[in-house]
Amino acid sequence: MSHSSEQPLERVTIPALQQWKDKGRRVVMTTAYDAVAARIADPIVDIILVGDSVGNVCLGFDNTLPVSVAMMNHHLEAVARTRPHALLVADMPFLSFHVGSEDTIRNAGGFLQRGADAVKLEGGAKRIEMVRALVDCDIPVMGHLGLTPQSVNVMGGFKVQGRTTDTALRLLDDAHRLQEAGCFALVLEGIPAELAARATESLTIPTIGIGAGADCSGQVLVFHDVLGLTEGHRPKFVRAYTNGFQLFQEALSRWAADIRKGAFPGSEECYRLPDQLRHAVANWVPSSSTSR
């Protein structure tokens, strides 16, 4: 979906997402970890996720497990200051919702106080109690099933899920239990397209796919992946629409070359003294005290 930057954008709401699901309108979601990314993405997307993926995308970690609530608060506040029109969702990081309802509510409520419209948490049946506790406190919850990065050690790596009868049917059961617990949407990650399609058609709430085929109610990719800003292995489900890493390096290389050959800064990038001061500055001589 594309918007005109010249017209005020109507805020995206949770009821609007449900209406779009009912009408077959696809949802566009991406991540933002700072104000710059939020300002770039907001006129274009429907949902901005301040994801715990900030850990491996921006902070140099191998996975999302080291990301703390304090780290998430820092990045959420940066994005929230841009006052996006998009629905702003904050990830509940590892151990922020595993330690009891009271702490879960406190952590999630803190995200809403800092500008989030909703929170996202990973997991199926084991998270039902936490989802209900949050929804009972009027904290909107987006669920996340399939390849859940916080469970990477249990899963034995970043592997496609739902490829056996037991795991596929369990995912469908979990999806419906999360819907019944009050989730307003579900992220489906790293599962076969047919399984995601079955979940989407059987649920009343929207599904947002990432590596889950084309039949979900919407799609999400990491901002840096779409723009080609990440190095190394690229998951099969990622489509980069430009090579941002190379483009940025080329721009920096041109700038560095201009500095080294004396072409930057040019006259247009320099400030000038008023004519009446140039003579005084040019003829200034250090006094004996300043030359010591």
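Yeah, the Cβs are placed from backbone N, Cα and C, and that goes for glycine too.
According to Swiss-Prot, the protein carries these features:
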ACT_SITE  E189  active site, proton acceptor
BINDING   D52, D91, E122  Mg(2+) binding site
BINDING   D52, S53, D91, K120  3-methyl-2-oxobutanoate binding site
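All features noted in Swiss-Prot, drawn onto the structure.
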residue : record                               : DSSP (3 states)
D52     : Mg(2+) binding site                  : coil
D91     : Mg(2+) binding site                  : strand
K120    : 3-methyl-2-oxobutanoate binding site : strand
E189    : active site, proton acceptor         : strand
Roughly how many Å lie between the Cα atoms of E122 (Mg(2+) binding site) and E189 (active site, proton acceptor), rounded to a whole value?
10
Have a look at the recorded positions D52, D91, E189 and say which one has the shortest Cα distance to K120 (3-methyl-2-oxobutanoate binding site).
D91
Determine which residues of this chain, when D52, S53, D91, K120 are set aside, have a Cβ within 8 Å of the centroid of the 3-methyl-2-oxobutanoate site's Cβ atoms, and list them as they appear in the sequence.
T31, L49, V50, G51, V54, T64, V67, M72, A90, M92, P93
About how far apart, in whole Å, are the alpha carbons (Cα) of S53 (3-methyl-2-oxobutanoate binding site) and the residue listed as 'active site, proton acceptor'?
13
For D52 (Mg(2+) binding site), just count the other CB atoms lying within 10 A of its CB, please.
29
Of S53, D91, K120, E122, which of the binding-site residues has the most Cβ neighbours inside 10 Å?
D91
Taking only the Cα atoms, work out how far D91 (Mg(2+) binding site) lies from the residue listed as 'active site, proton acceptor', in Å, as a whole number.
15
Take the C-alpha atoms of E189 (active site, proton acceptor) and D52 (Mg(2+) binding site) and report the distance between them in angstrom, rounded.
15
Counting every protein chain present, what is the number of Cβ atoms, excluding its own, within 10 Å of the Cβ of the residue listed as 'active site, proton acceptor'?
23
